[in-house]
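Asker: Next up is a structure, given as structure tokens.
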Amino acid sequence: MISPRSRSLLCLSIFLAVWAWNVSAATVKGETAHNGVGNLTAGDIEEQLQQCPLVQALNEHKVATNPTTSSVTSQIFAFLFPGSPAVNALLATLYISGPPNFLLALCPPNIDPSSLSVMVAFAVGGLLGDTLFHLLPEIFLGEDEHDKVKFVMVEPNKNLLLGVAIMVGFITFVAMDKGLRIATGGEGGHDHSHGHSHEKEAAATTSGAEVNDSKDTLRARKAAANGGTPPAIPLPEQDKEISASVKLGGYLNLIADFTHNITDGLALSSSFYASPTIGATTTVAVFFHEIPHEVGDFALLIQSGFSKKAAMGAQFVTAIGAFLGTCIGIAVQELGGSSSGAAEVTGPGLAGTSLQWGDMLLPFTAGTFLYVGTVAVIPELLETGPEKGKELKKTLTQFAAIFTGAGIMLAISWS
């Protein structure tokens, strides 16, 4: 017969054993659940959220209140870009490289780049509008879908990496511009104000020739007054030849133009892999930018001693850089993956985040657009002359062009 003391010890032992088993089971269950949540990707979480009854009700409400309509703009974009992201990126590169270069055939050889200020202002509005209205929201928030609501999960380290990519794109163009300025002896970088550094040189040459002409005219008049025949005055040889620094600037500009076109190709490929809408709007913005860009480069090559035919040929050669950049961007997207892509992404992301290498191209593009739309162009728009009334009218026209370019970008994607 069991004594009361032994019975109490047995009950206590059974209680402790059951308690220890429950604690260990709860711990194992918690660890399993924790590990399961930790292994979920952003796509898995989004898929499970869509199974929630409240989310499904929100989806039905969104579809009912926002019926899908095919606007004229969307129909045009669907016609121009009917294929996969890779095919559409190549088509977009063809669109932004071909027509601007063919337009050079209509440009006079003596065109002044400074006369393109209104067109440049329009391009600035388009670039900044695409960056601020399309690229940056897409980078940090993703693309909206017409048939369901989407949720954004905040990853601090992910946002930091995206910011780093934007800064890398910006600094890349700073380094390229600085290198070109050093190579040309500080005469200016690869921007739209190509003609400014050469206008002073041309003015100095012209005024020097005028002084020589006035002196020679006086001598000729004296000779004629004395009954002699005025001698033929040859043009000084140094005025006929283009200086070596100007020629060097023309060739270095071709290199910078080629590099710049590579970044345009990267921009187009990354934007089409992000979404068709972002790809289409980026194509429009780059196209707006390419027209004054190509005309300005064409004028600089003419000033550097190129014939019109040779300058057009050189611009077509630099267009190869855009196709090269597009192919590089497609390769990065296909091989590096994307957290928002349709393909299943396996393995950890960059630095423990959900980002893949393909996700870094779009913020890099945004950084380059910010540089081109601000640092590379704004100084030209800030230049003024002595005539206040004329400059005020010119400034108002430039601001109107900026708002027009930005307004087009806003109207394209307004719901």
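FYI, residue positions are counted from 1 along the chain as it appears here.
The backbone N, Cα and C atoms fix where each Cβ goes, and this holds for glycine too.
No curator has checked TrEMBL annotations; they are predicted automatically.
Reproduced below are the annotations present in TrEMBL:
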COMPBIAS  188-202  compositional bias 'Basic and acidic residues'
REGION    185-214  region 'Disordered'
SIGNAL    1-25  signal peptide
TRANSMEM  76-96  transmembrane segment
TRANSMEM  116-140  transmembrane segment
TRANSMEM  160-176  transmembrane segment
TRANSMEM  310-332  transmembrane segment
TRANSMEM  360-383  transmembrane segment
TRANSMEM  395-414  transmembrane segment
Asker: In terms of Cβ proximity under 8 Å, which residues at least six beyond the ends of the transmembrane segment (76-96) contact it?
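Answerer: Distant Cβ neighbours of the transmembrane segment (76-96) are 264-265, 268-269, 272-273, 276-277, 279-280, 282-283, 286-287, 290, 322-323, 326, 329-330, 333-334.
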Asker: I need to check the long-range neighbours of the transmembrane segment (116-140): which residues 6 or more away from its ends have a CB within less than 8 Å of a CB in the stretch?
Answerer: 159, 162, 166, 192, 271, 274-275, 277-278, 281-282, 284-285, 288-289, 291-293, 295-296, 362-363, 365-366, 369-370, 372-374, 377-378, 380-381, 394, 397-399, 401-410, 413
Asker: Report, as numbers and ranges, every residue of the chain located at least six residues beyond the transmembrane segment (395-414) whose Cβ falls under 8 Å of a Cβ in that stretch; write 'none' if there are none.
Answerer: 73, 117-119, 121-130, 133-134, 277, 280-281, 284-285, 288, 381, 384
